[in-house]
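Please read the structure below before turning to the comments.
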Amino acid sequence: MKVVLSYSGGLDTTVCIPLLKEKYGFDEVITVTVDIGQPEADIKQAEERGKKYADKHYTIDAKKEFVDSLFMLIKANGNYEGYVLGTALARPLIAEKVVEVAKKEGAEAVAHGCTGKGNDQLRFENIFRQHGFKVIAPVRELNLTREWEIEYARQHGIEVPATKEKPYSIDENLWSRSVEGGKLEDPSFEPPEDIYEWTASPEKAPDKPEIVKIDFEKGVPVALNDERMGGFELIKALNEIGGKHGVGRTDMIEDRVLGLKARENYEHPAATILITAHRDLENLVLSRRELKFKKFVEEEWAELVYYGLVNDPLFDALNAFIDKTQERVTGWVKVKLYKGSAVVVARNSPYALYSEELVSFDTESIDQRLAEGFAAFHGLQGRLFRRLFQ
């Protein structure tokens, strides 16, 4: 019997390889690592471990597909309770690639290394079950702890980066880096500086601010500092620039799908800069009613992504609405980066619904006296209510 395992090269998925044979009776374990912008060293390490411990290994390049999904996220100002959805958006894509290999190999089942307390189990399994595969989840089904896994790996000669002193679970892709576990599970514990890799400490960031200019076309970032580049290169460059200035750290309490509250630590410099810039450009070109309704759509969109429900028909409908709003979201935005902050300082668009002449205090383009009639009726119902009951 064959099983295809979604494989990151980390502790959880690595111990799943022998467990799938020992506890579940599979003859062949095939590992699949999906490249969505992780560091090259991580991809190489996963390949080496997959080839060493599994019977067969695949590495699939899905960076372009992931960037396309990130463009949609930017247009949706994707954000769940302050989380920029990097891991959540990646999981269904990874699951689809695992399914492709499972079909190719004629596997009887697919597997993942997610725990029974997190969200990823749901994101993976929704896609796996959509394609009719039997799902194996050793970490959840065997009720494993990270300490048990570390000891099991040691006994089986499996080399893993996690230790009992630093039992962190780290997930990284082009959009974000997340760190959880260990002492970080105590919400009163201040995270040590060594958990961060993408971002400088804001206190130690450069004393001189830096301004970046981002060009958008129909809601999609297409140029950085007047240089056109592909999405992958642009996001990677902003991660480096923003990280240098300590931009994009999030330490938050997050409401998981199962109802548990979890402490999460994220790094996402490019995401912070791009969403800040994109939202500001929308404020310039979209009408008040478009902006108001889009906020509701964005909340629903983010929740569907967070819950792993990107195959829900509502998700397609929300995307269609968002795409319609982006037809005029073209222009440029300048963002100042300084010691952890990303602040918009200038913006311009040929579709701006802003008139300097009309809004200026120093012009007579609008006869101010015309506002008198509007002012007489503004708040009328509230005034009538107060007269009746006071």
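Just so you know, the numbers here start at 1 and follow the chain as drawn.
Note: Cβ is positioned from N, Cα and C throughout, glycine not excepted.
Taken from Swiss-Prot, the feature ATP binding site applies to S6, Y7, S8, G9, G10, L11, D12, T13, T14, G113. Counting every protein chain shown, the Cβ of G10 (ATP binding site) has 21 other Cβ atoms within 10 Å.
The annotation L-citrulline binding site is assigned in Swiss-Prot to Y83, N119, R123, S169, S178, E254, Y266. According to DSSP, R123 (L-citrulline binding site) sits within a helical segment.
The L-aspartate binding site annotation in Swiss-Prot covers T115, N119, D120.
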Additional residues surrounding ATP, by Cβ distance to the S6, Y7, S8, G9, G10, L11, D12, T13, T14, G113 centre under 8 Å: C16, A46
Structural state of S8 (ATP binding site), classified by DSSP into three states: coil
Secondary-structure category, per DSSP, in which T14 (ATP binding site) falls: helix
Between Y266 (L-citrulline binding site) and T115 (L-aspartate binding site), the C-alpha gap once rounded to whole angstrom: 19
Top Cα neighbour of T115 (L-aspartate binding site) in the set of binding-site residues T14, Y83, S169, S178, E254: S169
For Y266 (L-citrulline binding site), the number of other Cβ atoms found within 10 Å of its own Cβ: 26
